[in-house]
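Here is what Swiss-Prot records for this protein:
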- ARG15, GLU16, LEU17, LYS18, LYS114, TRP555, GLU599: 5-methyltetrahydropteroyltri-L-glutamate binding site (BINDING)
- ILE425, GLY426, SER427, GLU478, ASP593: L-methionine binding site (BINDING)
- ILE425, GLY426, SER427, GLU478, ASP593: L-homocysteine binding site (BINDING)
- HIS636, CYS638, GLU660, CYS721: Zn(2+) binding site (BINDING)
- HIS689: active site, proton donor (ACT_SITE)
Amino acid sequence: MSTTIIGFPRLGEFRELKFTTEKYFRHEISAEELLAAAKELRAKHWNIVKEKGISEIPSNDFSHYDNVLDAAFLFNVVPSSVQGLELTDLERYFALARGYQGEKGDVRALPMKKWFNTNYHYIVPKFEKETQVKLAGHKIFDEFAEAKELGLVTRPVVVGPFTLLQVSDFEDGVAPADFVDALVVAYQEVFAKLAELGAERIQLDEPSLVKDLSAEEKALFLDLYKKLLADKKGLEVLVQTYFGDVRDIYADLVQLPVDAIGLDFVEGKKTLELVKGGFPADKTLYAGIVNGKNIWRNNYEKSLAVLEQIPAENIVLTSSCSLLHVPFTTANEEFEPAILNHFAFAVEKLDEIRDLDAIRNGGGAEALAANKELFATERVGENAELRARIAGLTDADYTRLPVFAEREEIQHKTLNLPPLPTTTIGSFPQTKEVRAKRLAFRKGELSQEDYDKFLAEQIDEWIKWQEEVGFDVLVHGEFERNDMVEYFGQNLSGYLFSKNGWVQSYGMRGVKPPIIWGDVTRLNPITVKWSSYAQSRTDKPVKGMLTGPVTILNWSFPREDISIKDSTLQIALAIKDEVLDLEAAGVKIIQIDEAALREKLPLRRSDWYEDYLDWAIPAFRLVHSTVAPDTQIHTHMCYSEFTDIIPAIDNMDADVISFEASRSNLEILDELKAKNFQTEVGPGVYDIHSPRVPNEGEIDHTIEAILAKVPSKKVWINPDCGLKTRGIPETKASLVRLVEAAKAARQHLK
């Protein structure tokens with residue numbers, strides 16, 4: 001038996017890649033300096049994996065932005081609008097991810113979507129009629145050669161052709177099958193070149209195999225792989241899956257002439273059952289036994305019990321998915337040993353994989369004994385009062401009265417807003433000064449009084465600016481908040497916060513998910529102080545801004561000793577208390593963000609309701625079920641696909657929902673119309689994830705497109721997400737255009 005991992009975090013132990021890349025974006029360093037820093041980081045990471053005793057080390061799991069974008073770039077899947085720009089390869093690569101606005105042209109970024117059921121986001125490639133699939137990049141070869149210079153023969157990793165097609169968009173008139181032959185040729189060229197460089201095995205990531213597969217999709221996969229594997233160019237091929245089991249394709253997959261198959265024994269409900277039914281003796285099984293998504297220590301006895309049931313002769317122990325979904329290392333944390341011992345970040349998971357391998361081979365007695373002792377000790381007690389409150393919930397606690405249609409009429413009269421009301425999603429740019437003041441306050445270098453004065457000044461400035469520009473519903477800007485989940489978690493019992501537990505979310509953006517350690521209750525009012533203050537500074541309505549229970553759960557590292565449903569209900573009651581306090585303080589519009597609602601949606605449709613939506617949607621309703629009819633409840637969602645769960649979203653019974661739509665060309669609106677969606681909607685009219693400012697007329701055209709599909713009385717005008725990470729000049733310029741476009745559109749309604 002040997003050991004490996006599917007992939008390793010990219011940003012660095014202290015987010016070195018993020019800070020270096022952002023310097024490049026600000027033109028403070030050259031492309032050569034960026035590439036040199038990245039090379040140094042890769043060497044450091046390979047060395048860590050090697051020193052931990054992992055026998056197979058992956059390469060090309062590193063990315064300057066996103067691994068799906070890397071694959072698209074490698075195979076020349078680049079839209080003609082970007083191909084035509086006179087840019088360097090690196091500039092073109094970043095133009096796909098971030099858009100480009102300069103003397104050489106003006107192009108929007110490609111869309112961004114959630115990577116399966118994680119909080120990682122990938123850039124969505126687009127296959128056009130003009131797309132000429134061919135081997136065009138060299139990153140995968142460069143990184144293999146780099147590692148070889150360090151004495152390491154790595155296993156190169158690339159997104160497999162089936163998943164590349166499944167996660168991409170296609171221009172009208174072309175389909176995935178049109179690109180099969182060209183992709184086969186291009187991938188085989190990669191095989192040949194890697195074999196020439198001295199590679200022995202390539203990892204083709206095919207997580208799309210764990211989803212429900214139609215007969216057409218299965219046929220596409222088999223057509224691709226039969227052609228691809230007809231000539232492997234002397235390279236061994238590992239088809240690596242993760243995030244679930246491959247029940248729909250297993251029988252065909254094991255018959256293909258692949259050399260190895262990677263299966264997920266953590267999230268794959270049926271994986272063990274499938275392999276117990278038979279696994280070919282001539283293939284190697286890469287067994288994903290250590291959870292790549294959560295930060296809790298592996299229970300060695302449970303993992304060993306699973307491994308003992310696997311009939312395969314050749315097994316490589318690995319992570320259940322890439323370790324990019326967990327923080328780098330616990331070494332920089334300051335928790336008490338009694339707490340820290342329960343956590344394993346990426347580096348520690350290398351130890352776990354190595355330990356399990358050693359125990360399987362007759363060693364590791366000390367590691368096994370320590371692990372048994374850890375799991376034999378009670379970790380945390382229960383909150384009896386909270387458990388009783390949950391046990392006492394009835395159907396009435398999940399139902400808001402009167403019904404939506406009656407509330408809508410009441411709210412229109414009470415709020416008296418113009419048609420196409422304008423607002424933003426919540427946060428305004430957090431400048432260096434804002435972050436520095438927060439840090440100084442946290443360190444005790446700034447008094448509470450001085451910090452409060454600074455925050456009040458920020459709120460005053462932006463409330464005044466919103467009034468001057470002409471916004472109808474204002475926000476206070478969230479200057480007191482570091483992260484939309486961490487800020488709430490810091491005011492809830494049962495939460496722990498890492499010092500350096502950063503995880504890549506999209507591009508160079510990292511998030512630091514809090515850890516749910518025990519039962520969750522609200523310690524004190526969280527947002528009332530600043531929401532009330534902001535409302536006191538204006539006669540216009542100011543939205544109270546909360547993060548919803550499902551998003552707080554999904555953007556935290558959840559407990560594994562109770563169900564995520566039970567954890568979510570605990571959080572829902574805490575947020576419910578906050579909603580009622582905001583209402584009592586005179587806040588008439590309360591936004592409860594559920595940005596991550598879709599994130600934990602099972603990958604198989606048959607599991608959607610029973611395993612998730614049947615409790616996630618009621619948990620949201622529990623939060624707002626007892627507010628008055630004239631209190632308007634908003635929610636917001638971003639980065640996701642919703643067209644297939646629209647009835648469930650309507651069932652959240654919010655009064656208004658805003659969502660990311662600009663990058664996806666407002667496709668969701670057709671489905672809203674088809675499904676007779678009742679909730680008022682604010683489709684994002686411009687993309688905030690790119691620094692470009694919408695052109696004059698751009699937002700006008702977007703509003704026109706929205707009004708062609710949604711009745712004007714149901715439409716709100718807003719950006720597609722919060723503005724925390726954007727710069728002030730681009731933010732103000734974009735928002736002025738948004739308000740001007742909304743006012744112009746109102747004239748056409750009359």
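The backbone N, Cα and C atoms fix where each Cβ goes, glycine too.
The structure, with features from Swiss-Prot marked on it.
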| residue | record | DSSP (3 states) |
| --- | --- | --- |
| ARG15 | 5-methyltetrahydropteroyltri-L-glutamate binding site | coil |
| LYS114 | 5-methyltetrahydropteroyltri-L-glutamate binding site | strand |
| SER427 | L-methionine binding site | strand |
| GLU599 | 5-methyltetrahydropteroyltri-L-glutamate binding site | helix |
| HIS636 | Zn(2+) binding site | strand |
| GLU660 | Zn(2+) binding site | coil |
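The candidate set comprises the binding-site residues ARG15, HIS636. Of these, HIS636 has the most other Cβ atoms within 10 Å.
With ARG15 (5-methyltetrahydropteroyltri-L-glutamate binding site) as the anchor, the candidate recorded positions are GLY426, SER427, ASP593, HIS636, HIS689, and the one with the nearest CA is HIS689.
For GLU16 (5-methyltetrahydropteroyltri-L-glutamate binding site), the nearest neighbour among the recorded positions SER427, ASP593, HIS636, HIS689, judged by Cα separation, is HIS689. Pairwise Cα distances among ILE425, GLY426, SER427, GLU478, ASP593, the recorded L-homocysteine-binding residues, top out at 13 Å. The most densely surrounded of the recorded positions LYS18, LYS114, HIS689, judged by C-beta neighbours within 10 angstroms, is HIS689.
Looking only at Cα atoms, HIS689 (active site, proton donor) sits nearest to CYS721 among the binding-site residues LYS114, SER427, CYS638, GLU660, CYS721. When the binding-site residues LEU17, LYS114, HIS636, GLU660 are screened for a C-alpha within 10 angstroms of the C-alpha of ASP593 (L-methionine binding site), the residues that qualify, in sequence order, are HIS636. Taking all protein chains in view, 25 other C-beta atoms sit within 10 angstroms of the C-beta of ASP593 (L-methionine binding site). Note: ILE425 (L-methionine binding site) has non-local neighbours VAL475, GLN591, HIS636, SER658, ASN718, PRO719, ASP720, CYS721, GLY722, LEU723, i.e. same-chain residues 6+ apart with C-beta under 8 A of its own C-beta. Less than 8 angstroms from the CB of TRP555 (5-methyltetrahydropteroyltri-L-glutamate binding site) sit ASN119, MET484, VAL485, VAL511, PRO513, ALA595, ALA596, GLU599, each of them six or more residues away in the same chain. Sequence-distant contacts of CYS638 (Zn(2+) binding site), defined as residues of its own chain at least six apart whose C-beta falls under 8 angstroms from its C-beta, comprise ALA595, PHE659, GLU660, ASP720, CYS721. Considering only the binding-site residues GLU16, GLU599, GLU660, the Cβ with the fewest other Cβ atoms within 10 Å is that of GLU16.
You'll find the Cα of LYS18 (5-methyltetrahydropteroyltri-L-glutamate binding site) roughly 25 Å from the Cα of GLY426 (L-methionine binding site). GLU478 (L-methionine binding site) sits 27 Å from LEU17 (5-methyltetrahydropteroyltri-L-glutamate binding site), taking the Cα positions as reference.
Residues ILE425, GLY426, SER427, GLU478, ASP593 make up the record's L-methionine site, and a Cβ search at 8 Å around their centroid adds THR424, VAL475, MET484, MET545, GLN591, HIS636, GLY722, LYS724 from the same chain. The secondary structure of ASP593 (L-methionine binding site), as reduced to three states from DSSP, is extended strand. Of the recorded residues, LYS114 (5-methyltetrahydropteroyltri-L-glutamate binding site) and GLY426 (L-methionine binding site) place their C-alpha atoms 21 Å from one another.
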